[in-house]
Amino acid sequence: MSTTTDLSLVEGMRRQSDYWLTVYKRTWKGSIISSFVSPLFYVLAMGVLLGGFIEGDPDKLEGATSYLAFIVPGLVAAHAMQTAVGETTYPVMGAIKWHKSYFAQLATPLAPVHLVAGHLMFVLARLATSCAVFMVVLVPFGVFESWWGPFLAFASQLLVGMVFGALVFGFSARLRSEEGFGVLFRLGVFPLFLFSGAFFPVDNLGSVGSFLAKLTPLWHGVNLSRMFSIDEVDWALAGVNVAVLLVLLVVGWFWAVSGLTKRLVT
Amino acid sequence: MSARPYRVAPVSESMIRAVGLRKSFGDFEAVKGIDVDVRRGESFGFLGPNGAGKSSTMRMIAAVSPISGGELRILGMDPAVDGPTIRGRLGVCPQEDTLDNELNVRDNLYIYGRYFGLPKGEVSSRVDELLEFVQLTDKAKAKVEDLSGGMKRRLTIARSLVNRPDLLLLDEPTTGLDPQARHVLWDRLFRLKQAGVTIVLTTHYMDEAEQLCDRLVVMDKGLIVAEGSPLTLIREHSTREVAELRFGVAEDGAGHEALAEKIADLGERVEVLPDRLLVYSDDGEEVIAKVHERGLQPIAVLVRRSSLEDVFLRLTGRTLVD
């Protein structure tokens, strides 16, 4: 039906560029606090101040020479997750249920697959700007150990962010009531934020806990972001991390497209 | 895409052709097999109460809802195959406003035009024309949420015209508007009709159908129960006039049913409504005179011409707006 299309994905996204640009223009001011200010507070409070009490022992901190250097790359990855989740929860439900903008768009040559692609491109743009600013701010703190590492770390942050963007989009597209978001935040996002290795090495969770933590998508992103930032790269492990995230991204994409199609095309 | 004025085409060109069209949602059958043929330049209406299957039919015609059975061709194409191409040539004004409340009036049109792949300059000039057409030029920079209901509808109609559609679909275009706003809207729609735009609309207002439709079908419970021009439908299914009689609060044994029996012979037909009796006759004044001759004392009487409401009542035994 409407999912079969003679409109290419790229052309479909291009046609939505003015829309998303307008959305960005009207929301960027509001996103400054969550995108730039809150992460800085985390860096200062957890990295600098709390980190001052923690011995910078590379053996206990996955190779990092200070707690600041340990925590910050993980924080950026976790921040990417939160940004992506923020952009694919209420905004997706709103476009379906409240202001119904997806239905308006669907009356044009655009199909659900284009709407998902356009929305996720916007998520990517939000991730790129907020993670880039975060990374630039970190330069003077001296946490980066190579010139090229931060770029790969940045790419990892985008990748893990997009995994969450796609998966959560699929979840939101299927959700009937916004109460489900409370469950997602409390039982999904928040525990991941705390226990996926951003704040402490997951080995501290014991063998079972550590195994479970490594099953979470966020850990793969945190690990990549950290390894590249502090130049302690285990390339085999990095390959596994990237592969897992890519597989999840593909799964998330199909989950999102099928979810939105089922919801809109009835 | 080149600028395309309203295309002049052979009169016989079929814009919508449905044969045995069906739509089910699980066990519920919303549309139970209807035949529809809409020609270019025609103004066609689906009249029926809520739940008659009008909106389901419209969504299938808009190529956003897959058909469950039968055959459907829009602009000669199969919506299951050519959905995007069809939608590119349709203008859709949905029942609920789907305007972007946080964008201003102009941006709502501009951004929508871009979804059709129109170049920026082209969209811009069309937007100016359309704002003029729906009399919202001085509101171009206003936020949508500050507009009245009537203005929002006009903006939605302008939006549906941004791609210069071959076929304009209007789902309950004036539901929820006050009488003045409805008349402003009708005037705009009538101009489009005069310009030769093919219009398909759904409504449960018979005056709207009478004003705007060359031809219409009456839908009830997923089926088409009658088809024709407003005038032929009235001629075929009703009398020229209707006498409405309102009596005081009925006593036991002297209710509307009992009164209806006493005057059953005065018209072709008598309908009993909760608050009044309708006597169908070609001469309403004569009916009323005879009612008085029989010693009955209605507290209010009215003679009017038959309308589509009467047709609907006749065909389904129910009123349009419950």
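Backbone N, Cα and C define each Cβ position, glycine as well.
TrEMBL: automatically predicted annotations, no manual curation.
Positions annotated as domain 'ABC transmembrane type-2' by TrEMBL: A:30-263.
Per TrEMBL, transmembrane segment is recorded for A:32-54 (among others). Sequence-distant contacts of the transmembrane segment (A:32-54) (same chain, at least 6 residues past either end, Cβ-Cβ under 8 Å): 66-68, 71-72, 75-76, 79, 82-83, 86, 126, 129-130, 133-134, 137-138, 141, 199.
Under 8 Å from some Cβ of the transmembrane segment (A:66-85) lie the Cβ atoms of residues 34-35, 39, 42-43, 46-48, 50-51, 54, 56, 123, 126-127, 130-131, 134-135, 138, 141, 143, 145, 153, 156-158, 160-162, 164-165, 168, 184-185, 189, 192-193, 196-199, 201, 218, 221-222, 224-226, 228-230, all in the same chain and six or more residues away from its ends. What TrEMBL records for A:66-85 (among others) is transmembrane segment.
Annotated transmembrane segment per TrEMBL: A:106-139 (among others), in sequence order.
Packing against the transmembrane segment (A:151-171) from elsewhere in the chain are residues 73, 76-77, 79-81, 83-85, 87-89, 92, 116, 119-120, 123-124, 127-128, 131-132, 135, 180, 184, 217-218, 220-222, 224-226, 228-229, 241-242, 245-246, 248-249, 251-253, 255-256, 258-260: each is 6 or more residues past its ends and has a CB under 8 Å from a CB in it. As annotated by TrEMBL, transmembrane segment applies to A:151-171 (among others).
Nonlocal intrachain contacts for the transmembrane segment (A:183-202), taken as residues 6+ away from its ends with a CB within less than 8 angstroms of a stretch CB, comprise 46, 60-62, 70-71, 74-75, 77-78, 81-82, 85, 89, 168, 171, 209-210, 213-214, 216-219, 222-223, 226. Summarising the annotation, TrEMBL assigns transmembrane segment to A:183-202 (among others).
What TrEMBL lists as transmembrane segment is A:235-257 (among others).
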Exercise. Excluding the flanking five residues on each side, which residues at least 6 beyond the ends of the transmembrane segment (A:235-257) place their CB within less than 8 Å of a CB in that stretch?
Worked result: 3, 112-113, 116, 120, 156, 159-160, 162-163, 165-167, 169-170, 173, 217, 220-221, 223-224, 227-228
